[in-house]
(Lines of atoms letter the chains of each structure in order from A and count residues from 1; the text may use other names and numbers.)
(Lines give C-alpha, C1' and ligand atoms only; values in the text may rest on other atoms or scores of the structure.)
Protein backbone atom coordinates (compact mmCIF):
# COMPACT_ATOMS: atom_id res chain seq x y z
CA UNK A 1 0.00 0.00 0.00
CA UNK A 2 2.87 2.44 0.78
CA UNK A 3 4.52 1.77 -2.58
CA UNK A 4 1.30 2.61 -4.40
CA UNK A 5 1.06 5.89 -2.51
CA UNK A 6 4.68 6.70 -3.36
CA UNK A 7 4.05 5.96 -7.04
CA UNK A 8 1.03 8.22 -7.09
CA UNK A 9 3.04 10.98 -5.48
CA UNK A 10 5.83 10.58 -8.07
CA UNK A 11 3.40 10.71 -10.98
CA UNK A 12 1.84 13.80 -9.55
CA UNK A 13 5.15 15.50 -8.95
CA UNK A 14 6.41 14.63 -12.41
CA UNK A 15 3.19 15.45 -14.15
CA UNK A 16 2.10 18.57 -12.33
CA UNK A 17 3.68 21.72 -13.61
CA UNK A 18 2.93 23.77 -10.54
CA UNK A 19 5.32 21.61 -8.50
CA UNK A 20 8.14 22.05 -11.06
CA UNK A 21 7.47 25.71 -11.34
CA UNK A 22 7.71 25.92 -7.61
CA UNK A 23 11.16 24.33 -7.78
CA UNK A 24 12.28 26.62 -10.63
CA UNK A 25 11.32 29.66 -8.74
CA UNK A 26 12.77 28.85 -5.34
CA UNK A 27 16.11 26.88 -5.87
CA UNK A 28 19.11 26.40 -8.16
CA UNK A 29 19.55 23.78 -10.87
CA UNK A 30 21.85 21.65 -8.73
CA UNK A 31 19.31 21.68 -6.00
CA UNK A 32 16.64 20.62 -8.44
CA UNK A 33 18.93 17.88 -9.77
CA UNK A 34 19.51 16.56 -6.27
CA UNK A 35 15.80 16.47 -5.66
CA UNK A 36 15.23 14.51 -8.88
CA UNK A 37 17.95 11.98 -8.01
CA UNK A 38 16.53 11.59 -4.55
CA UNK A 39 13.10 10.84 -5.95
CA UNK A 40 14.58 8.36 -8.47
CA UNK A 41 16.58 6.59 -5.75
CA UNK A 42 13.47 6.35 -3.63
CA UNK A 43 11.51 4.86 -6.53
CA UNK A 44 14.28 2.31 -7.26
CA UNK A 45 14.49 1.24 -3.63
CA UNK A 46 10.73 0.64 -3.42
CA UNK A 47 10.68 -1.13 -6.78
CA UNK A 48 13.51 -3.45 -5.73
CA UNK A 49 11.72 -4.19 -2.44
CA UNK A 50 8.47 -5.02 -4.22
CA UNK A 51 10.20 -7.31 -6.70
CA UNK A 52 12.23 -9.06 -4.05
CA UNK A 53 9.11 -9.71 -1.96
CA UNK A 54 7.00 -10.99 -4.87
CA UNK A 55 7.12 -14.75 -5.65
CA UNK A 56 9.20 -16.02 -8.53
CA UNK A 57 7.75 -17.90 -11.48
CA UNK A 58 8.88 -21.21 -10.01
CA UNK A 59 7.38 -20.37 -6.68
CA UNK A 60 4.11 -19.39 -8.30
CA UNK A 61 4.05 -22.69 -10.23
CA UNK A 62 4.80 -24.65 -7.08
CA UNK A 63 2.07 -22.83 -5.19
CA UNK A 64 -0.40 -23.44 -8.01
CA UNK A 65 0.57 -27.13 -8.12
CA UNK A 66 0.16 -27.38 -4.36
CA UNK A 67 -3.29 -25.79 -4.54
CA UNK A 68 -4.23 -28.15 -7.38
CA UNK A 69 -3.25 -31.32 -5.53
CA UNK A 70 -4.70 -29.98 -2.30
CA UNK A 71 -7.97 -29.33 -4.07
CA UNK A 72 -7.93 -32.82 -5.62
CA UNK A 73 -7.24 -34.41 -2.23
CA UNK A 74 -10.12 -32.46 -0.72
CA UNK A 75 -12.42 -33.53 -3.55
CA UNK A 76 -11.39 -37.17 -3.18
CA UNK A 77 -11.95 -36.90 0.56
CA UNK A 78 -15.44 -35.56 0.00
CA UNK A 79 -16.22 -38.40 -2.41
CA UNK A 80 -14.92 -41.00 0.06
CA UNK A 81 -16.96 -39.46 2.86
CA UNK A 82 -20.05 -39.53 0.69
CA UNK A 83 -19.47 -43.17 -0.23
CA UNK A 84 -18.70 -44.51 3.23
CA UNK A 85 -21.01 -42.23 5.20
CA UNK A 86 -23.72 -42.74 2.65
CA UNK A 87 -23.43 -46.51 2.95
CA UNK A 88 -23.37 -46.23 6.73
CA UNK A 89 -26.46 -44.05 6.71
CA UNK A 90 -28.16 -46.51 4.39
CA UNK A 91 -27.31 -49.37 6.78
CA UNK A 92 -28.56 -47.44 9.79
CA UNK A 93 -31.60 -46.30 7.84
CA UNK A 94 -32.36 -49.90 6.90
CA UNK A 95 -31.92 -50.90 10.54
CA UNK A 96 -34.36 -48.23 11.67
CA UNK A 97 -36.89 -49.31 9.05
CA UNK A 98 -36.54 -53.05 9.69
CA UNK A 99 -36.39 -52.75 13.51
CA UNK A 100 -40.17 -52.40 14.07
CA UNK A 101 -40.84 -55.17 11.54
CA UNK A 102 -38.47 -57.61 13.26
CA UNK A 103 -39.76 -56.68 16.72
CA UNK A 104 -43.39 -57.01 15.65
CA UNK A 105 -42.71 -60.36 14.00
CA UNK A 106 -40.97 -61.65 17.15
CA UNK A 107 -43.89 -60.49 19.30
CA UNK A 108 -46.51 -62.12 17.04
CA UNK A 109 -44.61 -65.41 16.71
CA UNK A 110 -43.94 -65.72 20.45
CA UNK A 111 -47.56 -64.89 21.28
CA UNK A 112 -48.98 -67.39 18.79
CA UNK A 113 -46.54 -70.12 19.82
CA UNK A 114 -47.22 -69.60 23.53
CA UNK A 115 -50.98 -70.10 23.14
CA UNK A 116 -50.56 -73.11 20.85
CA UNK A 117 -48.06 -74.82 23.18
CA UNK A 118 -50.25 -74.26 26.23
CA UNK A 119 -53.17 -75.77 24.35
CA UNK A 120 -50.99 -78.76 23.39
CA UNK A 121 -49.88 -79.33 27.01
CA UNK A 122 -53.38 -79.00 28.48
CA UNK A 123 -55.42 -80.72 25.77
CA UNK A 124 -53.22 -82.96 23.64
CA UNK A 125 -51.31 -84.33 26.64
CA UNK A 126 -54.47 -84.16 28.79
CA UNK A 127 -52.52 -82.50 31.61
CA UNK A 128 -55.09 -81.38 34.18
CA UNK A 129 -52.76 -79.63 36.67
CA UNK A 130 -52.97 -76.05 35.41
CA UNK A 131 -51.57 -74.56 38.64
CA UNK A 132 -48.55 -76.85 38.48
CA UNK A 133 -47.95 -75.89 34.88
CA UNK A 134 -48.14 -72.21 35.84
CA UNK A 135 -45.66 -72.83 38.67
CA UNK A 136 -43.18 -74.49 36.32
CA UNK A 137 -43.47 -71.77 33.68
CA UNK A 138 -43.04 -68.96 36.22
CA UNK A 139 -40.07 -70.75 37.76
CA UNK A 140 -38.38 -70.97 34.33
CA UNK A 141 -39.07 -67.27 33.66
CA UNK A 142 -37.72 -66.20 37.07
CA UNK A 143 -34.60 -68.32 36.65
CA UNK A 144 -33.83 -66.89 33.22
CA UNK A 145 -34.33 -63.27 34.37
CA UNK A 146 -32.09 -63.81 37.41
CA UNK A 147 -29.33 -65.30 35.23
CA UNK A 148 -29.60 -62.46 32.71
CA UNK A 149 -29.50 -59.94 35.55
CA UNK A 150 -26.36 -61.51 37.06
CA UNK A 151 -24.70 -61.47 33.61
CA UNK A 152 -25.56 -57.79 33.19
CA UNK A 153 -27.66 -58.41 30.09
CA UNK A 154 -30.76 -56.78 31.64
CA UNK A 155 -31.34 -54.23 34.36
CA UNK A 156 -33.31 -55.55 37.33
CA UNK A 157 -34.44 -53.55 40.35
CA UNK A 158 -33.54 -54.88 43.78
CA UNK A 159 -36.59 -56.18 45.62
CA UNK A 160 -37.41 -54.97 49.12
CA UNK A 161 -40.16 -55.81 51.59
CA UNK A 162 -42.00 -52.50 51.13
CA UNK A 163 -42.21 -53.06 47.38
CA UNK A 164 -43.33 -56.69 47.88
CA UNK A 165 -46.12 -55.64 50.28
CA UNK A 166 -47.45 -53.10 47.79
CA UNK A 167 -47.21 -55.60 44.92
CA UNK A 168 -48.92 -58.57 46.61
CA UNK A 169 -52.50 -57.54 45.59
CA UNK A 170 -51.36 -57.21 41.97
CA UNK A 171 -49.62 -60.56 42.15
CA UNK A 172 -52.66 -62.38 43.56
CA UNK A 173 -54.77 -61.12 40.65
CA UNK A 174 -51.94 -62.07 38.30
CA UNK A 175 -51.98 -65.65 39.60
CA UNK A 176 -55.76 -65.89 39.24
CA UNK A 177 -55.51 -64.51 35.71
CA UNK A 178 -52.95 -67.15 34.69
CA UNK A 179 -54.75 -70.08 36.30
CA UNK A 180 -58.16 -69.14 34.88
CA UNK A 181 -56.56 -68.66 31.47
CA UNK A 182 -55.01 -72.12 31.67
CA UNK A 183 -58.29 -73.87 32.48
CA UNK A 184 -60.34 -71.91 29.94
CA UNK A 185 -57.85 -72.89 27.24
CA UNK A 186 -58.18 -76.51 28.29
CA UNK A 187 -61.95 -76.62 27.66
CA UNK A 188 -62.47 -74.05 24.85
CA UNK A 189 -60.93 -73.87 21.40
CA UNK A 190 -58.39 -71.13 20.75
CA UNK A 191 -60.59 -69.16 18.34
CA UNK A 192 -63.39 -68.75 20.88
CA UNK A 193 -60.95 -67.93 23.67
CA UNK A 194 -59.57 -65.16 21.46
CA UNK A 195 -63.06 -63.77 20.77
CA UNK A 196 -64.17 -63.95 24.40
CA UNK A 197 -61.03 -62.09 25.48
CA UNK A 198 -62.56 -59.00 23.81
CA UNK A 199 -64.88 -58.79 26.81
CA UNK A 200 -61.80 -57.78 28.82
CA UNK A 201 -61.59 -54.53 26.85
CA UNK A 202 -65.19 -53.73 27.74
CA UNK A 203 -64.69 -54.41 31.44
CA UNK A 204 -61.47 -52.35 31.43
CA UNK A 205 -63.22 -49.38 29.78
CA UNK A 206 -66.05 -49.54 32.35
CA UNK A 207 -63.51 -49.73 35.18
CA UNK A 208 -61.58 -46.76 33.81
CA UNK A 209 -64.78 -44.73 33.72
CA UNK A 210 -65.72 -45.43 37.35
CA UNK A 211 -62.21 -45.42 38.86
CA UNK A 212 -60.36 -42.81 36.78
CA UNK A 213 -63.28 -40.89 35.20
CA UNK A 214 -61.92 -41.63 31.76
CA UNK A 215 -64.57 -41.22 29.06
CA UNK A 216 -64.54 -43.05 25.74
CA UNK A 217 -65.78 -41.71 22.42
CA UNK A 218 -68.80 -43.10 20.58
CA UNK A 219 -66.59 -45.16 18.23
CA UNK A 220 -65.16 -47.09 21.17
CA UNK A 221 -68.62 -47.86 22.56
CA UNK A 222 -69.77 -48.95 19.10
CA UNK A 223 -66.79 -51.32 18.87
CA UNK A 224 -67.62 -52.68 22.33
CA UNK A 225 -71.20 -53.38 21.25
CA UNK A 226 -69.88 -55.27 18.20
CA UNK A 227 -67.53 -57.31 20.41
CA UNK A 228 -70.37 -58.24 22.77
CA UNK A 229 -72.50 -59.27 19.82
CA UNK A 230 -69.74 -61.44 18.37
CA UNK A 231 -69.06 -63.10 21.75
CA UNK A 232 -72.74 -63.97 22.26
CA UNK A 233 -73.24 -65.21 18.69
CA UNK A 234 -69.98 -67.16 18.85
CA UNK A 235 -71.04 -68.90 22.06
CA UNK A 236 -74.45 -69.78 20.65
CA UNK A 237 -73.02 -71.23 17.44
CA UNK A 238 -70.05 -72.98 19.11
CA UNK A 239 -70.30 -76.67 18.28
CA UNK A 240 -67.83 -77.59 21.05
CA UNK A 241 -69.53 -75.44 23.71
CA UNK A 242 -68.40 -76.22 27.26
CA UNK A 243 -70.02 -74.43 30.19
CA UNK A 244 -67.03 -75.03 32.46
CA UNK A 245 -64.66 -73.52 29.95
CA UNK A 246 -66.88 -70.47 29.41
CA UNK A 247 -67.11 -69.96 33.17
CA UNK A 248 -63.31 -70.05 33.48
CA UNK A 249 -62.98 -67.61 30.56
CA UNK A 250 -65.52 -65.21 32.09
CA UNK A 251 -63.50 -65.26 35.32
CA UNK A 252 -60.33 -64.72 33.30
CA UNK A 253 -61.79 -61.61 31.63
CA UNK A 254 -62.77 -60.15 35.02
CA UNK A 255 -59.35 -60.88 36.53
CA UNK A 256 -57.45 -59.58 33.49
CA UNK A 257 -59.37 -56.27 33.59
CA UNK A 258 -58.83 -56.09 37.37
CA UNK A 259 -55.11 -56.73 36.90
CA UNK A 260 -54.83 -53.87 34.40
CA UNK A 261 -56.75 -51.42 36.61
CA UNK A 262 -54.98 -52.44 39.84
CA UNK A 263 -51.59 -52.24 38.17
CA UNK A 264 -52.36 -48.69 37.10
CA UNK A 265 -53.22 -47.69 40.67
CA UNK A 266 -50.23 -49.43 42.27
CA UNK A 267 -47.55 -48.51 39.72
CA UNK A 268 -46.87 -44.97 40.97
CA UNK A 269 -46.58 -46.17 44.57
CA UNK A 270 -44.31 -49.07 43.55
CA UNK A 271 -41.94 -46.78 41.63
CA UNK A 272 -41.40 -44.67 44.76
CA UNK A 273 -40.22 -47.74 46.67
CA UNK A 274 -37.43 -48.67 44.22
CA UNK A 275 -33.87 -47.38 44.37
CA UNK A 276 -33.95 -45.84 40.88
CA UNK A 277 -37.47 -44.43 41.18
CA UNK A 278 -38.70 -46.52 38.22
CA UNK A 279 -39.87 -50.06 37.54
CA UNK A 280 -39.09 -51.47 34.11
CA UNK A 281 -40.87 -54.41 32.53
CA UNK A 282 -38.03 -56.84 33.26
CA UNK A 283 -38.31 -56.06 36.97
CA UNK A 284 -42.08 -56.47 36.76
CA UNK A 285 -41.64 -59.89 35.14
CA UNK A 286 -39.29 -60.99 37.92
CA UNK A 287 -41.53 -59.51 40.60
CA UNK A 288 -44.70 -61.19 39.31
CA UNK A 289 -43.16 -64.57 38.53
CA UNK A 290 -41.04 -64.91 41.67
CA UNK A 291 -43.80 -63.79 44.04
CA UNK A 292 -46.24 -66.20 42.42
CA UNK A 293 -44.13 -69.25 43.29
CA UNK A 294 -44.98 -69.55 47.03
CA UNK A 295 -48.67 -68.86 46.34
CA UNK A 296 -48.64 -71.48 43.57
CA UNK A 297 -47.16 -74.06 45.95
CA UNK A 298 -49.92 -73.28 48.44
CA UNK A 299 -52.62 -73.69 45.76
CA UNK A 300 -51.08 -76.98 44.58
CA UNK A 301 -51.33 -78.35 48.11
CA UNK A 302 -54.86 -77.02 48.66
CA UNK A 303 -56.24 -78.48 45.41
CA UNK A 304 -54.20 -81.68 45.86
CA UNK A 305 -52.52 -81.35 42.49
CA UNK A 306 -49.33 -82.82 43.89
CA UNK A 307 -50.73 -86.34 43.98
CA UNK A 308 -51.95 -86.01 40.41
CA UNK A 309 -48.59 -84.74 39.15
CA UNK A 310 -46.64 -87.52 40.84
CA UNK A 311 -48.88 -90.27 39.49
CA UNK A 312 -49.47 -88.83 35.99
CA UNK A 313 -47.92 -90.85 33.18
CA UNK A 314 -47.43 -87.76 31.04
CA UNK A 315 -44.61 -86.40 33.19
CA UNK A 316 -42.51 -89.42 32.21
CA UNK A 317 -42.55 -88.33 28.56
CA UNK A 318 -39.44 -86.28 27.65
CA UNK A 319 -41.35 -84.47 24.91
CA UNK A 320 -43.85 -83.20 27.46
CA UNK A 321 -41.08 -81.47 29.40
CA UNK A 322 -39.68 -80.02 26.19
CA UNK A 323 -43.05 -78.49 25.31
CA UNK A 324 -43.68 -77.28 28.87
CA UNK A 325 -40.22 -75.69 29.09
CA UNK A 326 -40.64 -74.08 25.68
CA UNK A 327 -43.98 -72.61 26.76
CA UNK A 328 -42.30 -71.10 29.83
CA UNK A 329 -39.53 -69.60 27.73
CA UNK A 330 -42.07 -68.25 25.25
CA UNK A 331 -43.95 -66.60 28.10
CA UNK A 332 -40.76 -64.73 28.91
CA UNK A 333 -40.17 -64.06 25.21
CA UNK A 334 -43.58 -62.38 24.99
CA UNK A 335 -42.58 -59.98 27.76
CA UNK A 336 -39.24 -59.10 26.15
CA UNK A 337 -40.59 -58.91 22.58
CA UNK A 338 -43.54 -56.75 23.63
CA UNK A 339 -41.14 -54.40 25.44
CA UNK A 340 -38.89 -54.34 22.36
CA UNK A 341 -41.85 -53.74 20.05
CA UNK A 342 -43.12 -50.88 22.23
CA UNK A 343 -39.68 -49.24 22.11
CA UNK A 344 -39.62 -49.52 18.32
CA UNK A 345 -43.17 -48.26 17.74
CA UNK A 346 -45.99 -46.53 19.63
CA UNK A 347 -48.60 -47.94 22.05
CA UNK A 348 -51.31 -47.45 19.41
CA UNK A 349 -49.40 -49.52 16.85
CA UNK A 350 -48.72 -52.15 19.51
CA UNK A 351 -52.43 -52.35 20.33
CA UNK A 352 -53.43 -52.59 16.67
CA UNK A 353 -50.88 -55.33 15.93
CA UNK A 354 -52.09 -57.21 19.01
CA UNK A 355 -55.62 -57.14 17.60
CA UNK A 356 -54.47 -58.22 14.16
CA UNK A 357 -52.43 -61.02 15.72
CA UNK A 358 -55.63 -62.69 16.90
CA UNK A 359 -56.51 -63.59 13.31
CA UNK A 360 -53.61 -66.01 12.64
CA UNK A 361 -53.92 -67.40 16.19
CA UNK A 362 -57.58 -68.25 15.64
CA UNK A 363 -57.00 -69.77 12.21
CA UNK A 364 -54.02 -71.79 13.45
CA UNK A 365 -56.03 -73.05 16.42
CA UNK A 366 -58.86 -74.23 14.17
CA UNK A 367 -56.50 -75.98 11.73
CA UNK A 368 -54.01 -77.54 14.17
CA UNK A 369 -56.58 -78.91 16.62
CA UNK A 370 -59.20 -79.72 13.95
CA UNK A 371 -61.96 -77.78 15.66
CA UNK A 372 -65.44 -78.49 14.22
CA UNK A 373 -66.70 -75.17 12.90
CA UNK A 374 -69.89 -74.39 11.00
CA UNK A 375 -70.44 -71.31 8.87
CA UNK A 376 -72.34 -69.25 11.52
CA UNK A 377 -69.65 -69.90 14.12
CA UNK A 378 -66.87 -69.12 11.66
CA UNK A 379 -68.63 -65.90 10.69
CA UNK A 380 -69.00 -64.98 14.39
CA UNK A 381 -65.27 -65.55 14.91
CA UNK A 382 -64.35 -63.33 11.94
CA UNK A 383 -66.87 -60.72 13.08
CA UNK A 384 -65.31 -60.67 16.54
CA UNK A 385 -61.78 -60.40 15.16
CA UNK A 386 -62.63 -57.40 13.02
CA UNK A 387 -64.55 -55.88 15.92
CA UNK A 388 -61.34 -56.06 17.94
CA UNK A 389 -59.46 -54.31 15.13
CA UNK A 390 -62.17 -51.64 14.98
CA UNK A 391 -61.84 -51.20 18.75
CA UNK A 392 -58.07 -50.65 18.47
CA UNK A 393 -58.61 -48.10 15.68
CA UNK A 394 -61.32 -46.34 17.70
CA UNK A 395 -58.96 -46.04 20.69
CA UNK A 396 -56.44 -44.26 18.43
CA UNK A 397 -58.92 -41.56 17.41
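Glycine residues also receive a Cβ, built from the backbone N, Cα and C atoms like all the rest.
Heads up, TrEMBL stuff is auto-annotated, nobody curated it.
Residue ranges 94-114, 220-240 are listed, and TrEMBL annotates 220-240 among them as transmembrane segment. Counting only same-chain residues 6+ beyond the ends of the transmembrane segment (375-392), those with a CB under 8 A from a CB of the stretch are 191-192, 194-195, 198, 201, 219-220, 222-224, 226-227, 229-231, 233-234, 237-239, 348, 351-352, 354-356, 358-359, 362. Using a cut-off of 8 Å between Cβ atoms, the transmembrane segment (246-263) and the transmembrane segment (166-184) share at least three residue pairs, counting only pairs 6 or more apart in sequence. Just going by CB pairs under 8 A, the stretch in 133-154, 220-240, 284-303, 349-369 that sits most against the transmembrane segment (166-184) is 284-303. Residues 100, 104, 107-108, 111-112, 115-116, 119, 123-124, 189-191, 194-195, 197, 338, 341-342, 381, 385, 388-389, 391-393, 395-396 of the same chain lie 6+ residues outside the transmembrane segment (349-369) yet bring a C-beta within less than 8 angstroms of a C-beta in it. If you look at the transmembrane segment (319-342), the same-chain residues 6 or more away from its ends with a CB under 8 A from one of its CBs are 100, 103-104, 106-107, 110-111, 113-114, 117-118, 120-121, 125, 127, 133, 136-141, 144-145, 280-282, 285, 350, 353. The average pLDDT computed over the domain 'Sugar phosphate transporter' (106-382) stands at 86.
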